[in-house]
């Protein structure tokens, strides 16, 4: 019999006593089974210790931790973005990190294969959300909301090959702003583009350009070029790669891999290499082929109106009508746009190639896909590429050698003498109660030099010092860490003096 603990020996004795019954053959099988279970229990207890030396502590592929220094940069980005969303009257919304799988399928075209499916644990097939747009559309349909201006900041997950150096991850944060409801044409769309300009300018990323197109123009262009309707999505996904590879490579993919006739691909090439402003829109109105397509004319008409509003907003020079823009997501139905950073050759050598930093468009049919009666709620929105922007700003800070302060502590409570912990605790409590951000060292008798060095290292601007002399005189010494100047302040005036200095800094 294997050598196990007392509990296992008793189990063996009980099983052998049952072998004396007529059903002994069955009991022998039970003995064999219990032997296997016991061995499995023992093995599972030993395994963690045996394998610990081979265990690698790491984050999953395509994910990362963010250090306190990195979180400071990220919070500044998010504060700027959310502040802009609020300035434009948006309400905040949140949705679950995972959705019913059926809610997400057939919404993303070829990208549907990138959705993370969860193991079935309660009778529901679930998937992690791929973006924040589809959950928003589901929310509108489920709650019968017909009009809403909302923003949403949250994580999404995509099962793609990550490119960490370019700010591409499998788990990443999105910041979305959307306007849902039936409104006069192009007014909400123009506001979305204005918001993108405000955010990208506010973050001081450098010069940028927002490319604009319309899915109706794109579909009309493909139709007049002779692309079969069954190939529209496949060809659009090829055109969408023009910001990454050359036209010759895109043409080769269309012809060799997707079976498009070479002359049709050449006609497409005549269009997708065009970009400009209002003059290009007028030119397309006169185009002999495109002007014959009703869908394309509708899109051109809306773009002309959009540029009129963008001129009133003072941002037409930041917008380019680009016929190569073909946002790959299936749910877009009208205007689409994407922001890219413009770089000089010198900047390009120093910085990251992160692709687009913001994107969005109009999706008038998505809510109707969730509504049992197919009721539509027109929507338009944008998404800010937080991870890519973060990668750019982080690299700039590293290059400049700028030190990042990771706390917001305003005052440090110090003492030069022993046995003053109680007095420090009473004093810091007064500061906390007054709303002042304050710290002390968690030691009974810290050295004054150690406390002052801590303040310099952490960038804390003010130190309040209490000792025997100060206690007797009813004062507190207030010290500037940068100038090292000290003044004695009456204790009852200390909070007011600190608040005054903080407001002036």
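Quick reminder: no glycine exception, Cβ is built from N, Cα and C everywhere.
Residues or ranges marked as L-histidine binding site in TrEMBL: 131, 132, 133, 158, 174, 178, 327, 331, 332. If you look up TrEMBL, you'll see 62-416 marked as domain 'Aminoacyl-transfer RNA synthetases class-II family profile'.
Remark: of the binding-site residues 133, 174, the most isolated position is 174 (fewest other Cβ atoms within 10 Å of its Cβ). Confidence for the domain 'Aminoacyl-transfer RNA synthetases class-II family profile' (62-416), expressed as mean pLDDT, is 92.
The C-beta environment of residue 131 (L-histidine binding site), restricted to residues of the same chain at least 6 apart in sequence and closer than 8 Å, consists of 108, 156, 174, 176, 383. In the shown protein chains, 24 other C-beta atoms lie within 10 A of the C-beta of residue 332 (L-histidine binding site). The Cβ of residue 327 (L-histidine binding site) has 20 neighbouring Cβ atoms from other residues within 10 Å, across all protein chains displayed.
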